[in-house]
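Data first, discussion second: the structure below is written as structure tokens.
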2 protein chains.
Amino acid sequence: MTEKAKPLTDLAIANAAVMKPILEIAENAGIPEEAVEQYGRYKAKIDVNKLPVTQSFGKVVLVTATSPTPAGEGKSTVTVGLADALSRLGEKSMIALREPSLGPVMGMKGGAAGGGYAQVLPMEEINLHFNGDIHAITTANNALSALIDNHIHQGNTLGIDPRRITWKRALDMNDRALRHITIGLGGPTQGVPREDGFDITVASEIMAVFCLATSLPDLKERLSQMVIGYTYQKEAVTVRDLGVEGALTLLLKEAFKPNLVQTIEGTPALIHGGPFANIAHGCNSLMATNTARQLADIVVTEAGFGSDLGAEKFMDIKARKGGFAPDAVVVVTTIRALKMHGGVAKSDLGAENVQAVMDGIVNLEKHLETVRAFGVQPVVALNRFITDSSAELDYVLKWCKDKGVRAALTDVWGLGGEGGLDLAKQVLELIDEPNDFAPLYNVEQSVVEKITTIVQKVYGGKGIVLTDKARKDLIQIEQNGWDILPVCMAKTQYSFSDDPKKLGRPEDFTITIREIIPKLGAGFLVCLTGDIMTMPGLPKTPAALNMDIDEKGNAVGLM
Amino acid sequence: MTEKAKPLTDLAIANAAVMKPILEIAENAGIPEEAVEQYGRYKAKIDVNKLPVTQSFGKVVLVTATSPTPAGEGKSTVTVGLADALSRLGEKSMIALREPSLGPVMGMKGGAAGGGYAQVLPMEEINLHFNGDIHAITTANNALSALIDNHIHQGNTLGIDPRRITWKRALDMNDRALRHITIGLGGPTQGVPREDGFDITVASEIMAVFCLATSLPDLKERLSQMVIGYTYQKEAVTVRDLGVEGALTLLLKEAFKPNLVQTIEGTPALIHGGPFANIAHGCNSLMATNTARQLADIVVTEAGFGSDLGAEKFMDIKARKGGFAPDAVVVVTTIRALKMHGGVAKSDLGAENVQAVMDGIVNLEKHLETVRAFGVQPVVALNRFITDSSAELDYVLKWCKDKGVRAALTDVWGLGGEGGLDLAKQVLELIDEPNDFAPLYNVEQSVVEKITTIVQKVYGGKGIVLTDKARKDLIQIEQNGWDILPVCMAKTQYSFSDDPKKLGRPEDFTITIREIIPKLGAGFLVCLTGDIMTMPGLPKTPAALNMDIDEKGNAVGLM
């Protein structure tokens, strides 16, 4: 597969691949048959209570990337290819990934299951509904909304102020028309009128709770702590006050089991939970990561977008809660992406332009600094594309060498695990070295200190500005004693700053905090910056327009 | 199990039952292993393209009931128990049922998988999310909504009038606050403001299309024909105009495979599709019924609520489209229900009251007349309850005998199939007799004639009244040539009339048609009567408040 005269689509490659029965994948991964609940022939849910008990846990390799551009970086592809390469080297490796949201699948992005010969399968089912987990979360979210509105309609004994309900409805959809709505119209039998809105499900607190809970009882406890709004006396109202945490847990209990699938090369992958990294915490479930650590010697996992978003949250939120440290961090980048950070337009990426690579490499530089700020060493995965010139590739590899950073060329899209062997070898060296991982801030610091730390050390900004709304939020958070929680930044993925147009390595900027939302179930404070939206919109020509089935009933148009 | 000193809950009985592996159920039903896609150990989806071809099709037994009361009739329970009894008599039988909607599960009703020793299993998973089919329909429905609003927002080249969009969003939830909403608020980047509302998913046209389509290409064709609204020139806009029928079909393609489960006694059951019978057509999918007819000699199926709703639609819509006839119709009733129709309050149902049974039996009488109006013979299943007196039971059985109607006492809740043997024997006699089945009206009749026929022959009313809105709808329907479609009445289930308080056998009433909505994909015209709502609300004390998981992670509080 070194010749790519007529490149196949990801879907065509996925459909041509021969999958192993999922029971065989499970057996190879050390999962006993009684723990496997098959969903079709090639997907399964794992009952973790039926896994063998172990005291040794695998090492964790986190894959992140430079700031995303329309050129594409291939982070999921490298994650899959790296694990396949580790398998080829005889390592017992396993992948832990997020589930794709239907919003981007129908909107912009197509699928999210890797690409080329480094994919997880069955690609089509992973991208569409995937065992119903996200639908279960949507359902629990909206059941809570219906129960809140019904409580108010039926007499409102808790005294919930309809103007101060912070719990929003959710759909796994890009649907801007649902951002700001009014509900309960039509007269006294149709509910109590109030303002509301829908977030995309992957931004909902239940998704975050789902991904950070370590057991069903923990899930229930966290759900009970979620704040849904305030009374007329401005007292917080929680799910526990409504008495519905049991019903919500029941709705989630099957979804809460991690999903097992396989790569094209047969490496086992757990795909579970899918919060976005720009508006949520951006990592797959702790259940999946912990299960993979229990079963494999090396777990390759991914966090969303660049190191400023998913990786920061992986370190400061997920690893802190999970009590583990990443043993290595892979930073994926491409020549094309660096050229865009160097100011080249997407249409001009085909032409060699070493100067643009030199100009854009500051973005990579900052991401590497960010990784090191957590006391962990990075490896650069320079993910090859057919238009890359030797001069461009050589420049980046030499730049890394000069900086004392490990780097490897990868071609996992075209070659699968074979194209990630050099990266795998460097990762194996790195994970045997000691590391000084620590989250970037202590939770005891003030909220402003915590945010400022992230802005300065991760984004490279000067400091922060709070809007009046954010100041009011902060007072309320401090009065309730919620200021001891970590923070979860909601920021554009395209720039280190809160302005998506500032590519490369912006400097001298401040970050404006528009609103701070306490998420007590998830256990963090969401800080909204810039224009970031918790419900995306569809583009002018949505990917849905190209989707279809063929005469045999197979999927067409998934990318 | 004749002693019921301490009756167990349905959930406790379900949990105590020992299920067979679904592959064994499939094998016994004649389904080859390659057609079985397991979803866990006890559920499967069936790939109908991999079933053996047959030219002989099983007989169809339809189970309906007297008008529902809070006393309960046990229609699903009798459906399951009858099939189990047929199996005990050596008949190759199979069940075709609807999937439960989460709305009533969370709201009022608990589950919908039969009861006692006549249940389909796994009860808990059938009641919650069940293989994700309804979620897939919700998703397709709301993807279409998002694509419509995005089309308008991005320039509206089709010229869709935002005031005349008839396509509504949907959730599988009882949520009255979403009946009337305004969306797209917040300024020019947040979509185009307009009025909208959510229906419960089981009332959505996609659910109806899903249940009436006979193949994936047919599903796609029907989806493409759905009208979503009108242009500024008042021309109908369809899904085909938007070009998204392929994407919607892709979202539904896995859900479209019927689901195989088993009864407590091991009879195979296909559970697939779940439109309500009061606001939609109330029958499981044609795919499931046809698959069951292909595999078994006798298919026991159920249509929602009384014969005035589900059964009428089964005959006039589903059987007409499917090209088959029901060979027998079972009308389920209970002494308690008849007493309520005779004017007894729910709290007084425990005491013997033969007079009330005599007063209430007119409801049964009308349902039997309705069944016979279709040229099919009924069998009464008098479903025993522990408080029934011999005098009450004897009265009903003698009344049936005097009327020349077959009748059988059933106790399937307590005894499973054993309690349905007499009913099964009578059904077996009946299906060997010739029958003169025909739908009640010809589609070529005018819309008013078709509705009037149903009101007079099925409900026993005098005639109909059209509101001004309905008259306007009718003119538009006639102008577009859509008046040749069958009608799907949306009417309260509690009364033959459109007033839920008129129990028994109301007379001299007219039915008010409030609105007529063309559903070109489903292929019928929905006629809204009285106060019927396409989005239910939650009661003061929702069933959700009692739901939980126990320390082992098992469901608690599902009824």
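Heads up, residue numbers simply count up from 1 along the chain you see.
Cβ atoms are placed via backbone N, Cα and C, with glycine included.
Keep in mind it's a predicted model, so treat the numbers as computed, not measured.
Here TrEMBL flags B:T69, B:P70, B:A71, B:G72, B:E73, B:G74, B:K75, B:S76 as ATP binding site. There are 25 other Cβ atoms within 10 Å of the Cβ belonging to B:S76 (ATP binding site).
Of all the binding-site residues listed here (B:P70, B:G72, B:G74), it is B:P70 whose C-beta has the fewest other C-beta atoms within 10 angstroms. Counting every protein chain shown, the Cβ of B:K75 (ATP binding site) has 27 other Cβ atoms within 10 Å. With a 10 A radius on its CB, B:E73 (ATP binding site) counts 24 other CB atoms from all the protein chains. Taking the binding-site residues B:T69, B:A71 in turn and counting surrounding C-beta atoms within 10 angstroms, the largest count is reached at B:T69.
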